Every structure is written in structure tokens, then in C-alpha cells.
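To keep things clear, I will list the structure first and then write my remarks on it.
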Amino acid sequence: MELLSPKPLCSVVNCEDLEKLDHVSALNELRREQEIFKLLPGIYAHRYDFRRVSPSIINDFEYCPRLLWVQHKLGLKLLSEKSVVSIIRGRILHERYERLLSQYENVVAEYKVEIGDLVGVVDLVIKRGGEYIPVEIKTGFSKEAHKTQLQIYISMLKARFGYLVYRNHVEVVHRNDAALDVLKKIREILSAREAPPAKCNSCIFKPICKNLL
């Protein structure tokens, strides 16, 4: 059997049983997958390859270019205590959804795409009529960074469109090669000697940026 188009996340898998996931359990689960260490109260970190296209690196760019620059210099991805629960909850839902949809003959989970020094892993790919259609699963609210990331994958796969799968709805996103300009801006920031302007306000990571600079 072949899949024509994906359905919303919570119409396919159980989302309710993870609502009571606590911080300690989430942190222990995350530590099973990679080395996580505590930098400051409420702040954790792990090693990260900044060549990889991910919602986190694009989110960081949109949230604060300086934070992205600092993380690159440290070689670390910074996590707030609050975000750890969201990460693990999202990861478990990802796995459940991917496991069910990968049973279709024309669906491939965790599809790696690589062009030059640009590396990405698409959650799901639907093979249809010689075209590879990317599907990204998102457990948070709809964000522009999600759309940008998917458009980058669409361009890399030379597809016409892709799908953003959220908890209760699915969005169709069409190809826009201008999204690749975001990667150019990110590369410029990562290669810069001086930090870009900050947008600190009440950012929890402010002490780390301040200490590095």
C-alpha cells in the first residue's frame, strides 16, 4: 500500500500520554542518546555539528544571531531546562509517527540529504512518480523557521512541495529557492570573527554570551 499524503500527528498516534512527562525523566531519556552536561542552573548543552540543517539552528538564527554565533564558537547546542521536556516529548512522537508511516511502500524515514557541506535529515520522504516529497514533523506551534527548513529540503530534493505535519493539522509548503539565502546568512555569521548584534532582553543564555565576549 502507498501513502498519498500524511495526516495530522495526533490523528495517527497517541499524543496525550506524554503530557505528564517531567523534566527529570526527560533529561534522563536525553542522556541515553547523547552526552548532556549542565553549564549553569537551568542551562544544559551537548556537542553539535553546525553543518546540519535543523529547525534549531534556523530558530537560533531568527531568535538571536549572536546566540547562534556563540554556540558555534563553543561547539555546543544550548538547551534550557524547559526545552528538554519539549525535545523528548517531540522525539517520542516523531518515532511513533515515523514507525507507522514507514510501513507504506513509498515512504522512507530519516532520509539523509547532502549537497557539498550542507547536510540534512528529512523526517519522512514520500516517493511519488519519481519525485521525493519531504515531510517534516513538528510538535510545536507553526513557525516560520519550520517553513524555511522544509523549503530548504524541498530545494535539495528538487521537489515541487512538501508537508509540515503538526499535531492537529498539515500544511502544504511550496518550493521557494530563496529560502537557501538563510543558509548564506547563517554561514556568514558562523565565519565572522566578531559577534553579531544581540537581542538579549530576558534571554536565559545571556550569561554565557557575556562570559565568552
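Just so you know, glycine gets a Cβ as well, placed from its N, Cα and C.
So that you can see what the record holds, here are the features copied from Swiss-Prot:
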BINDING   Cys64, Cys200, Cys203, Cys209  [2Fe-2S] cluster binding site
BINDING   His94, Asp123, Glu136, Ile137  Mg(2+) binding site
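Cβ environment of Cys203 ([2Fe-2S] cluster binding site): Cys64, Leu67, Cys209 lie under 8 Å away, each six or more residues apart in the same chain.
Taking the Cα atom of each, His94 (Mg(2+) binding site) and Cys200 ([2Fe-2S] cluster binding site) are about 31 angstrom apart.
When each of the binding-site residues Cys64, Ile137, Cys200, Cys209 is scored by how many other Cβ atoms sit within 10 Å of its Cβ, Cys200 comes out lowest.
Excluding the listed site residues Cys64, Cys200, Cys203, Cys209, the same chain places Arg66, Leu67, Ala198, Lys199, Asn201, Phe205, Lys206 with Cβ atoms within 8 Å of the centre of the [2Fe-2S] cluster site Cβ atoms. Within the same chain, residues at least 6 positions away in sequence whose Cβ sits under 8 Å from that of Asp123 (Mg(2+) binding site) are His94, Glu98, Ala109, Glu110, Pro134, Val135, Glu136, Ile137.
In three-state terms derived from DSSP, His94 (Mg(2+) binding site) belongs to a helical segment.
Classification of Cys209 ([2Fe-2S] cluster binding site) by DSSP places it within a helix. Sequence-ordered, the extra residues of this chain that approach the Mg(2+) site, with Cβ no more than 8 Å from the Cβ center of His94, Asp123, Glu136, Ile137, are Tyr97, Glu98, Leu124, Val135, Lys138, Val165.
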